[in-house]
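Colleague: Just dropping this structure here.
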Amino acid sequence: MAKGEGAESGSAAGLLPTGILQASERPVQVKEPKKKQQLSICNKLCYAVGGAPYQLTGCALGFFLQIYLLDVAKVEPLPASIILFVGRAWDAFTDPLVGFCISKSSWTRLGRLMPWIIFSTPLAIIAYFLIWFVPDFPLGMGRSHGFLWYLLFYCLFETLVTCFHVPYSALTMFISTEQSERDSATAYRMTVEVLGTVIGTAIQGQIVGQANAPCLQDQNDSAIVNRTQSTASLKETQNAYLLAAGIIASIYVICAIILALGVREQRESYEAQQAESMPFFQGLRLVMSHGPYVKLIAGFLFTSLAFMLVEGNFALFCTYTLGFRNEFQNLLLAIMLSATFTIPIWQWFLTRFGKKTAVYVGISSAVPFLILVALMKSNLIVTYVVAIAAGVSVAAAFLLPWSMLPDVIDDFHLKHPHSPGTEPIFFSFYVFFTKFASGVSLGVSTLSLDFAEYQTQGCSQPEQVKFTLKMLVTMAPIILILLGLLLFKLYPIDEEKRRQNKKALQALRDEASSSGCSDTDSTELASIL
């Protein structure tokens, strides 16, 4: 920087009058290194609020869609399993597709990511509302048309919410260049996201819980039960789902507005010097060959699948295996409240002891409680204690993946400094693998219930259904968690590596900034000459 700049200044000294030279030197003297970029609490909160819509809708769909399709929409278990699997598989496929489109997007006055968030929001809330609407099809056509209705709007909503969530996730890399600031903003985000699951659970659970769908005591009850009363009760339940969907959709819009107004994207100085983003498939090849990224997503793939199995089957498990038909929404609320209050503790823990240690301690802490659930008999007080304790592990599962992914991207940028625009690829493919795992978990779960002869709208279920639910909520997640923790042993970025990367990245930014200043000074001098 100084060498080329000094040569130009020296040659100019003999050609320019003193007054002009002094005037031209004034802007050149402003070459101080950039101060540490601090985000205000308001910036962090506005950024964090943007994570709530995905969690609000995801929580409602994850916990309640299965039981809604089976007991309210009256979809048979096999078609319901197809809806759940195809919807999540399609959702997973759209993540890299949206990531590809974002990588091709140019920077606008609003940024490169924010337009996707803004324009997808109104369409997403319409599709979400229609998922929870039970259409009145002509007699004899209800089953096939109902199946197509839920499959269509479920896939449509997942596509639109992906257009919101992938750019929002990638926004982490554009709110600040400082690792500590990004980690702090991520902690804010995770706290709000867990709070979003609490709100989603409270809204969906409490409203729907007040209007349970009518159940049949046995197969002959359909000839005995008062059909008028049963139909009226079912209609109340359908209206309750619509009311909950309307409230959640309204919160979705409010959060999107706060995010759009309160957050501004920032470009890296070295990225701004690049004329074009890297071609998508070239970037994808580099990303998927980056060892730390592959090891990170492999570990979290198994642990995410474990928690998704619990999430997808928890309502049915509480209703039929434990016999808490009227308590499962309160148990969900206890889990999410516990997770919300422990997010700050995990943020302190990973700062004090490191992120890998936090992974081992946080996620493995779920195993004893899952074993206790598997072994204990139905006891409401013990179940609440287990739910509160399990929330501690849920908080770690929420926070740690999104806190570790930016470290992997920083490591990638050091090895490939001339590869801008790859951030959406990292985030979209991470979400792709977790969502695909979610689709597998929901599809396999519902298909397993079909094989176990699940009875739609039954007040009770056969013993094989209860046993299947217990295995899906306890033993299968334990095995998956242990496999995931074994894979984390291979993850190479520890705290020492993070510190080295931070220093190297700062040097890269300073070099790019100095180069930019030098180019600007040369341009100013040329214009004076």
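In case you wondered, yes, glycine gets a Cβ from its N, Cα and C as well.
TrEMBL entries are annotated by machine, without manual review.
Taken from TrEMBL, the feature transmembrane segment covers 45-69, 113-135, 147-168, 240-263, 293-310, 330-350, 357-375, 381-405, 425-447, 467-491.
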Colleague: Tell me, please, if the transmembrane segment (293-310) and the transmembrane segment (467-491) are in contact, taking contact as 3+ Cβ pairs under 8 Å between residues separated by 6 or more positions?
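Modeller: Touching, yes - the transmembrane segment (293-310) and the transmembrane segment (467-491) meet the threshold of 3 or more Cβ pairs under 8 Å.
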Colleague: Using a Cβ distance cut-off of under 8 Å, indicate which of 240-263, 357-375, 381-405 has the most pairs with the transmembrane segment (330-350).
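Modeller: Most contacts with the transmembrane segment (330-350): 381-405.
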Colleague: Taking residues 6+ outside the transmembrane segment (381-405), which of them lie with a CB under 8 Å of any CB in it?
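Modeller: Tertiary neighbours of the transmembrane segment (381-405) are 169, 172, 183, 186-187, 189-190, 193-194, 296, 300, 303-304, 307, 318, 322, 324, 331-332, 334-340, 342-343, 345-347, 350, 355, 358-359, 361-363, 365-366, 369-370, 372-373, 426-427, 430, 493.
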Colleague: Given the cut-off of 8 Å on Cβ pairs that are 6 or more apart in sequence, determine whether the transmembrane segment (240-263) and the transmembrane segment (45-69) share at least 3 such pairs.
Modeller: yes
Colleague: Who are the long-range neighbours of the transmembrane segment (45-69) in its own chain, taking Cβ under 8 Å and residues 6 or more past its ends?
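Modeller: Beyond its ends, the transmembrane segment (45-69) has Cβ neighbours at 39, 75, 80, 83-84, 117, 121, 128, 131-132, 150, 154, 157, 161, 164-165, 168, 171, 175, 185, 188-197, 199-201, 203-205, 208, 241, 244-245, 248, 251-252, 255-256, 258-259, 261-263, 308, 311-316, 319, 332, 336, 438, 442, 445-446.
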